[in-house]
Amino acid sequence: MYVPTIENALVPVVVEQSSRGERSFDIFSRLLRERVIFLTGEVEDNMANLIVAQMLFLEAENPDKDIHLYINSPGGSVTAGMAIYDTMQFIKPDVVTYCMGQAASMGAFLLNAGAKGKRYCLENARVMIHQPLGGFRGQASDIEIHAREILFIKERLNRLMAEHSGQDYERVARDTDRDNFMTAQAAKEYGLVDEVLSKRP
């Protein structure tokens, strides 16, 4: 079970009574039973593997019921994020995305990748899109190889964002050239989300 980056001692425990006795769960495991997954903090390989595992588990439990992915992330690794993205597209259940707090960089990309019509932003959340970051040191030939790779990744991410947002590729390429911060309403107008929520629908 992926427990977001919160000190373990501070993670609440939920106790449930049943005819079989008493069971306790950490709050994130309990919410997973309700098909809720949290993507919080930096996107990195360990987090991505655990989120992918949770999505695959929930698909096996019920392939016809939505999965709810709550995002509060500054972004992070592109390859880790793409593992989550590809799984979201691969599995049968719709993945409903919610931005709470912030969805920046890869966080915004994953927010936008939710099921069409089921992408939400809470009204005071912030969304930020930009081009991928990279840095490399070494021989000139190696730097050239890595420069080609990051340009390929930039083009791929922009094409996918254009596809999910409904914007044309040229506008996405222009708008992601530098850090581009948006309110929840601006993210809706851009096509990154479908609705801004202040109350549960």
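Cβ from N, Cα, C; glycine included.
Under the heading active site, nucleophile, Swiss-Prot lists Ser105, citing sequence analysis as support. For Ser105 (active site, nucleophile), the Cβ neighbour count at a 10 Å cut-off comes to 25, with all displayed protein chains included.
Annotation comment: Swiss-Prot describes His130 as active site, evidence class sequence analysis. In this structure, His130 (active site) belongs to neither helix nor strand by DSSP; it is coil. Sequence-distant contacts (6 or more apart, same chain, Cβ under 8 Å) of His130 (active site) comprise Ser105, Thr176, Asp177, Arg178, Asp179, Asn180.
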